[in-house]
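Enquirer: What follows is a single structure, and I will ask about it in a moment.
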Amino acid sequence: MYDLKKGYEVAKEYYAQYGIDVDQMMERCDQTPLSMHCWQGDDVRGLEKREGGLNGGIQTTGDYPGAARNAEELRADIEKAMQFIPGVLKVNLHASYQEADTFVDRNAIKPEHFANWADWAVEKGLGLDFNPTYFSHPKSENGTLSAADEEVRKFWIEHGIACRRIGEYFYKRTGKPCVINHWTPDGDKEFPIDTLGPRLRLKDSYDRIFEATKDVEGVIDGIESKVFGIGMESFTAGSHEFCMGYVMSKGIDHIIMTLDTGHYHPTEVVSAKLGAIFAFSKAVLLHVSRPVRWDSDHVVAFDDETKAIMEELVRLGKLDSTYIATDFFDASINRIAAWVIGLRNTRKALLQALLQPVDMMKKAEADGDVSGRLAIAQEFKAAPFSLVWDYYCDKQNKGVGLDWLEDVRAYEKDVLLKR
Ligand code: RNT
Ligand code: ZN
């Protein structure tokens, strides 16, 4: 290992030339919560005591050994990954990760079915976020909250209501707000003749869920849009226009938009949407993912778009108004490695974004110095960032560079391969 302290001192001096306080930014980065999704650990299978695979237009591909088979294994795997992920973390659960003794259907889930998760989170000092599971269920085949069948729609409204109550329970147990993400896969393989009816039903369902749970405290609700799902290529009820319209028309602080980086047309980017949304909304929920040609949910990379999103949040001064969650599921590699790589990359992009000379660039812009603005922004792309990142990881005792890899390999040998 090279001299981390020396590297950090050099970087600190480099950034100081541009008025950037590295220590302050490391602290800022560290205190920004990232919500780590539980579903990377078992390929979105969940813990319900019933048969049936993943559906709803999303897919995991690959059959790497060692997926978690029960709650204990999943929690152990999350803890293992967390050993190498710096900064404040929350854990993001889906309703399908209930731990009832016998089968309990989605509309009947209660806080008690999530008590083990809450106990564990309290013990570890973690916040919990939540997601209704409007997919992978026999009743989700012909729509959920937008279903034409009123019995089916009622079932899913009850699920949404149950989930908001569980969110409040998490808030009360952990003392930290629970961010709930509502995503429905509802759509059609072909373009429907009636494209308005499903939207009006979806709108009415959300209204009923929120109306019935008006008393719920400590919960923030993201409404997640999507462009298409596998098998539902032509129509999505919860499209971007629908979700944005819904959130904006409600004008209620706890109802916000969820932007998933894989849910747009290939040349559309989330980083370019944030400035417009913040003109109307106080907060936003992000699902950081990596689409490769489609909404493939590859592990988050330290790529241009992830960096651009974080840069934009810092430039807008909206880091504190943004809930950052990860959402990917790769079954073709070691699942702990997937978490470590994806969450570290998300945090890394955030730290790099905090180390940009925002004031300097803003001043150039205000002065009409467009050449200077471009020059400064470009210069910073090659700043000695990794020296700060390594030092930060070491300071947090989360492993420098590839330190984590050997450990994760040993865990694979000793634990995962024995499953
Ligand atoms: C699906 C959405 C959704 C899911 C999770 C499992 O396209 O992105 O957020 O990935 O709820
Ligand atoms: Zn998502």
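Note: Cβ is positioned from N, Cα and C throughout, glycine not excepted.
All TrEMBL annotations are machine predictions without curation.
Sharing the record's features from TrEMBL:
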type	residues	note
BINDING	His263, Asp295, Asp297	Mn(2+) binding site
Enquirer: Any same-chain residues 6+ apart from Asp297 (Mn(2+) binding site) with CB under 8 Å of its CB? Would you list them in sequence order, or say none?
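Expert: For Asp297 (Mn(2+) binding site), the qualifying residues are Ile58, Thr60, Gly262, Ser289, Arg290, Pro291, Asp327, Phe328, Phe329, Asp330.
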Enquirer: Would you list the other residues of this chain near Mn(2+) - those whose C-beta lies within 8 angstroms of the C-beta centroid of His263, Asp295, Asp297 - in sequence order?
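Expert: Here the nearby residues are Ile58, Lys226, Asp260, Thr261, Gly262, Ser289, Pro291, Trp294, Ser296, Asp327.
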Enquirer: Inside 10 Å of the Cβ of Asp295 (Mn(2+) binding site), count up the other Cβ atoms and send me the figure.
Expert: 23
Enquirer: Just to confirm: which same-chain residues, 6+ apart in sequence, have a Cβ under 8 Å from the Cβ of His263 (Mn(2+) binding site)?
Expert: Glu224, Ser225, Lys226, Val227, His240, His287, Asp295
